[in-house]
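Visitor: Encoded as structure tokens, here's the structure I'll be asking about.
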Amino acid sequence: MHLHSPSLMADGSFSLSGHLLRSPGGNPSRLHSIEAILGFVKEDSVLGSFQSEISPRNAKEVDKRSSRHCLHKMTEEIHPQQEHLEDGQTDGYGDPYLGKTSSECLSPGLSTSNSDNKLSDDEQQPKKKHRRNRTTFTTYQLHELERAFEKSHYPDVYSREELAMKVNLPEVRVQVWFQNRRAKWRRQEKLEVTSMKLQDSPMLSFNRSPQPSAMSALSSSLPLDSWLTPTLSNSTALQSLPGFVTTPPSLPGSYTPPPFINPVSVGHALQPLGAMGPPPPYQCGANFVDKYPLEETDPRNNSIASLRMKAKEHIQFIGKPW
């Protein structure tokens, strides 16, 4: 039977004097007396009587033996108590760490910190995403699914089950296919609406066909008879033509337009080619400056010739040296 630590301290087993009383080196009759065991004899007197018998040579050996004996007694007392204590129980002195290992006694909060570290490591590791195997549809299955989608975008459960049996697919796969197909259909509808809005916007008006110009509107407003009839020879019809150059006010009244703006030639040029056939041959020769065959029909050719002569004389006068 092992005694508790207070009883051991009382009878002096942990003290140097108690060990000296039990050491085999001393006298058994004097050291193991009843008074020494019960503690009636003072330790100082026992130590004094024993130290007088011990030689100085054996003093170091006695100290070493006493230290070893004390450690051996302490281990013998602690280990049997750990065997009898269960988890969560305490001994008679309320020490909750005697039934635990040395690492738990030294650092009771170490286990909780280790568990917290494990939890934090598990949280830091990214969770693996569950990947579902993608279903590969055959051409026949896609054809039947598209036909069913054209009939109804939201088929009921019975229709989906019949279609699933027809195409040899699970009903869940058919339902997911219809969901994805409806999403695709909504995206297409939105794209069509946005494209129509962009076409109607004024920003893209420059891409359209150009508007008819004012000149074409003016020409279209003129009657065709005025272009085809020979009344174009008068001045009012010539002035109504687009691009007609009138006589500047600074020129004298005797000025006449050049012969290539002859009303007869203009009328011939404005007639359609289908009615007129090939254009008339060019009348002017090589010496167009000196010979003006078209002016012979014009009664005002004398005034034009006089003006040209004056222009030539002026050019010759400028070119002469002083």
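Backbone N, Cα and C define each Cβ position, glycine as well.
Relevant sequence annotations retrieved from Swiss-Prot are reproduced here:
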DNA_BIND  130-189  DNA-binding region
COMPBIAS  75-87  compositional bias 'Basic and acidic residues'
COMPBIAS  100-117  compositional bias 'Polar residues'
REGION    75-136  region 'Disordered'
MOTIF     32-39  motif 'Octapeptide motif'
MOTIF     302-315  motif 'OAR'
MOTIF     308-312  motif 'Nuclear localization signal'
Visitor: Go ahead and report the DSSP secondary structure tallies for the motif 'OAR' (302-315): helix first, then strand, then coil.
Guide: 14 helix, 0 strand, 0 coil
Visitor: Could you tell me the mean pLDDT over the DNA-binding region (130-189), as a whole number?
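Guide: Here the predicted model's pLDDT, averaged over the DNA-binding region (130-189), is 92.
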Visitor: Please list the DSSP helix, strand and coil residue counts for the motif 'Octapeptide motif' (32-39).
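Guide: DSSP composition of the motif 'Octapeptide motif' (32-39): 5 helix, 0 strand, 3 coil.
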